[in-house]
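J.: Heads up, here are the entries from Swiss-Prot:
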type	residues	note
DISULFID	C195-C237	disulfide bond
CARBOHYD	N32	N-linked glycosylation site
CARBOHYD	N39	N-linked glycosylation site
CARBOHYD	N44	N-linked glycosylation site
CARBOHYD	N76	N-linked glycosylation site
CARBOHYD	N82	N-linked glycosylation site
CARBOHYD	N101	N-linked glycosylation site
CARBOHYD	N185	N-linked glycosylation site
CARBOHYD	N219	N-linked glycosylation site
REPEAT	112-133	repeat 'LRR'
SIGNAL	1-31	signal peptide
TOPO_DOM	32-239	topological domain 'Extracellular'
TOPO_DOM	261-329	topological domain 'Cytoplasmic'
TRANSMEM	240-260	transmembrane segment
Amino acid sequence: MLRVFIFFVFLGSGLTGRIKPQVTCKYFISENNTWYKYNVTILNSSIILPAYNTIPSNAAGISCTCHDIDYLQKNNISIHYNTSILKTFQDIRIIRCGMKNISEIAGGFGKELKFLDLRYNDLQVIDYNILRKLIRSNTPTYLYYNNLMCGKRNCPLYYFLLKQEQTYLKRLPQFFLRRISFSNNNTYLYHFLSCGNKPGHEFLEYQTKYCRTKFPEINITVNQLIAKKNTERYKSCYPLVFISILCSCISFLFLFICLLRSICKKYSCTKQDKSSHNYIPLIPSYTFSLKKHRHPETAVVEDHTTSANSPIVYIPTTEEKKVSCSRRK
């Protein structure tokens, strides 16, 4: 009986040794909108993605699906890649390939990324900065059926998700928080939220409370980083704010000058109207009278307020000149 058992053990080990995981990788060419297959190397139980110089420069994405690879890493299959090939891609799909850490390809994510699918891997840590960029850019992101840890390294992620839950998580599918998998103390629990068996918002509150208790310095760091990012985002608006304030000051000054000019003009006009209708003598303290026996052209005005006579030549008007001329005739 023991010999039969040993025989089947050796037979099973031999068969499993002969089975090699199948890997299919394709890259996307943007010109004709088609996917092309590409051979992927498997070396020492490691999947090697194509090198940068072997992919066309106009490639817009990459798709790599690993078949017959257990995402629990029972086959001890890991994936290695050149991050430089991901910088210009708009579409990244690496499924069932046993990736453990998404932060390794963080440098490869560019602003052009419009689709990210990393399902059925063994992701244990996600950099919240990557997730923040994907959420705010409304990029379709598929991360469920992974294995996020409930330890210190994911505390920034939980802080960010709780802080941005009402604003940004609405843009992602509902299964993002419902079907993503978490692990606690290396006990893998899939297809639902573990770490206390609390779904959604309650789970985030539970995790953030745990992180604040155990690692309070991480909470301060994350808040500072978020505040710093918001400040940097507002700094881009500073020139526009300065220009708007300057324009407002100039317009206010212009209106003030116009108002001042209108007031001054109105005041000067009323003064001219008064002078045109009311005679203001040059010497207001004097009273004048004309002698009747004198001619108007040579009339002498006597001053009755003083003892001295100061003859002032009276200049007749045009009508008086006409009257005097008619009398002479």
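From the backbone N, Cα and C atoms, a Cβ is placed for every residue, glycine too.
Model, not experiment: these values are computed from the prediction.
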J.: So how many other Cβ atoms are close to N219 (N-linked glycosylation site), meaning within 10 Å of its Cβ?
T.: 15
J.: By DSSP, what is the split of the repeat 'LRR' (112-133) into helix, strand and coil residues?
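T.: Within the repeat 'LRR' (112-133) the tally stands at 6 helix, 4 strand, 12 coil.
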